[in-house]
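Visitor: One structure, as structure tokens, below. Some questions next.
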Amino acid sequence: MKISVVGCGYLGAVHASSLAKLGHDVVGVDIDQAKVDLLASAQAPFYEPGLPELLGETLATGALAFTTDLSRVRGAVVHFIAVGTPQQENSNAVDLRAVESAFDAIIPHLTAGDVVVGKSTVPVGTAQRLAARIEAVGAHVVWNPEFLREGYAVKDTISPDRLVYGVRPGDDHAVAVLDEVYASVLAQDIPRVVTDFATAELVKVAANAFLATKISFINAMAEVAEVTGADVTQLADAIGYDQRIGRKFLNAGLGFGGGCLPKDIRGFMARASELGAGDALNFLGEVDAINLRRRERMVDLCREVLGGTIEGARIAVLGLAFKPDSDDVRDSPALDVAARLAELGGRVRATDPQAIETSRRVRPGLDYVATAKEAARDADVVLVLTEWREYRDIDPDEFGSVVAVRAILDGRNCLDPVQWREAGWTYRALGRP
Ligand SMILES: NC(=O)C1=CN([C@@H]2O[C@H](COP(=O)(O)OP(=O)(O)OC[C@H]3O[C@@H](n4cnc5c(N)ncnc54)[C@H](O)[C@@H]3O)[C@@H](O)[C@H]2O)C=CC1
Ligand SMILES: O=C(O)[C@H]1O[C@H](OP(=O)(O)OP(=O)(O)OC[C@H]2O[C@@H](n3ccc(=O)[nH]c3=O)[C@H](O)[C@@H]2O)[C@H](O)[C@@H](O)[C@@H]1O
């Protein structure tokens with residue numbers, strides 16, 4: 001099928017190349033010329049394992065192309081809209097300007113029978129409002145939320161846990177067209193939920209709200225563990241064995257960040273308030289607050305280990321990305337903590353396997369170095385803030401020879417305290433004795 005994907009960021013670039021891999025003829029459109037140039041030369045504008053290979057393969061066969069020229073969507077029968085929906089600058093609400101303008105801009109290029117598929121995460125009610133404009137030219141609208149995780153984006157796109165189609169009741173044409181788009185995904189027996197617009201929009205934000213709540217739940221337990229001497233990692237293991245609870249998303253530490261969970265729970269609360277259902281989501285305010293408190297606690301722990309003052313201390317920060325296998329620093333807890341320590345007068349030297357350039361753009365004043373050893377040279381304390389494999393694998397004995405003081409703070413509960421303490425380190429973590 002001939003398909004267009006409008007918006008080629010983290011979501012759209014992966015979606016476009018994955019659909020090309022699944023056998024479709026795909027054109028990706030973005031307004032950012034630099035991004036389009038990179039993608040067209042098979043370079044991913046961000047770090048995502050497997051994406052450069054996928055781009056290379058599908059561009060080479062001619063199944064995929066990128067452009068800034070929206071008129072090239074003509075002839076495609078399905079148009080995915082995957083533009084950004086960030087948090088508004090001065091409120092918790094979602095900034096829908098990119099979605100609105102992408103929908104408006106595509107209308108002159110549509111043919112009756114085309115299907116416009118919203119993939120961006122939007123406040124409930126958006127699809128219903130935008131659909132009227134699209135339907136006026138005889139095209140159809142589906143809201144098909146995306147659940148991929150950065151770092152696993154290609155796998156999650158080709159083999160998702162489920163597909164959700166939000167359609168106008170009885171729009172069999174739209175359902176049939178999407179089934180054709182996803183034929184090889186559905187062939188893997190992936191569950192498919194066909195529902196109305198509002199439910200599809202809500203499924204997306206509800207899923208992210210649930211994940212955020214699970215993380216903040218375990219971080220709330222970490223707060224209590226800290227004042228009782230209990231170990232939140234063992235607690236998570238023990239409750240996680242209960243299959244109704246499950247161990248996934250129960251890793252306590254610095255909490256959630258990234259371009260989605262934080263802004264999605266805030267946008268969800270803002271939308272529910274507009275609709276008069278704000279009270280139903282009051283708990284998400286607490287989820288957000290617990291999450292942000294973890295960053296402060298990390299700074300306090302650092303101060304404590306340094307004997308009461310951060311000013312002038314040499315602090316090594318390992319990890320800046322919001323999670324491993326990503327260079328994304330949008331609302332990154334790690335970068336936030338690093339910046340806060342520097343603001344408090346700490347002599348911070350920070351590193352990350354992939355996120356130095358992205359961090360530099362947001363926090364140009366920090367001192368970035370290429371390796372963990374460089375960061376840790378003569379340090380008074382080392383902080384692990386993103387659980388990259390290479391940090392988890394550090395040999396405490398060998399690493400001890402570069403620092404001034406053997407003190408390590410494990411912001412992600414990803415190190416073995418016994419191993420570090422046996423090597424003579426002061427080991428401290430969030431929610432763990
Ligand atoms: N990043 C992720 O892992 C996931 C993101 N989402 C959702 O997908 C949407 C996109 O997110 P990301 O890809 O992370 O954002 P992003 O900011 O990386 O990418 C958005 C892209 O849209 C482009 N754009 C903006 N206006 C445009 C227009 N009028 N025409 C063409 N291109 C335009 C931008 O230049 C940018 O490249 C958001 O709603 C997000 O919540 C959903 C699931 C996963
Ligand atoms: O809507 C989105 O954009 C996406 O948001 C999240 O995906 P992502 O932001 O890529 O990352 P996650 O793996 O969910 O991690 C989010 C944050 O939670 C933190 N986290 C995760 C798990 C955990 O146990 N503890 C924890 O602190 C991570 O360190 C990270 O900062 C969801 O997992 C995806 O399903 C969703 O599609």
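Glycine is no exception: its Cβ is also placed from the backbone N, Cα and C atoms.
Bear in mind that TrEMBL entries carry predicted annotations, made automatically and left uncurated.
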Visitor: If TrEMBL says Phe147, Leu148, Arg149, Glu150, Lys204, Phe249, Leu250, Asn251, Ala252, Gly253, Gly257 bind substrate, which of Lys35, Lys323 does it name for the same site?
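Guide: Of Lys35, Lys323, Lys323 joins Phe147, Leu148, Arg149, Glu150, Lys204, Phe249, Leu250, Asn251, Ala252, Gly253, Gly257 in the substrate site that TrEMBL records.
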Visitor: Name the one residue among Arg192, Arg303, Arg314, Arg330 that TrEMBL lists for the same NAD(+) site as Asp30, Lys35, Thr85, Thr121, Glu150, Lys263.
Guide: Arg330
Visitor: Find the shortest Cα-Cα separation between Lys35 (NAD(+) binding site) and the recorded positions Phe147, Lys204, Ala252, Gly257, Cys260, and name the residue that gives it.
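Guide: With Cα distances computed to Lys35 (NAD(+) binding site), the winner among Phe147, Lys204, Ala252, Gly257, Cys260 is Cys260.
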Visitor: Tell me, which binding-site residues from Asp30, Thr85, Thr121, Glu150 are within 10 Å of Gly257 (substrate binding site) if we use the C-alpha atoms?
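Guide: Final answer: none.
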Visitor: Using C-alpha positions only, work out which of the recorded positions Asp30, Thr85, Cys260, Arg330 is nearest to Phe147 (substrate binding site).
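Guide: Minimum Cα distance from Phe147 (substrate binding site) across Asp30, Thr85, Cys260, Arg330 lands on Cys260.
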Visitor: Under a three-state reduction of DSSP output, how is Lys35 (NAD(+) binding site) classified: helix, strand, or coil?
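Guide: The residue in question, Lys35 (NAD(+) binding site), is helix (DSSP, three-state).
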Visitor: For Lys263 (NAD(+) binding site), which DSSP three-state class applies?
Guide: helix
Visitor: Suppose you look only at the domain 'UDP-glucose/GDP-mannose dehydrogenase C-terminal' (316-417); what would the mean pLDDT be?
Guide: 98
Visitor: Which recorded positions of Lys204, Gly257, Cys260, Lys263, Arg330 contact ligand 1 in the sense of C-beta under 6 Å?
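Guide: Among the recorded positions listed, those whose Cβ sits under 6 Å from ligand 1 are Cys260.
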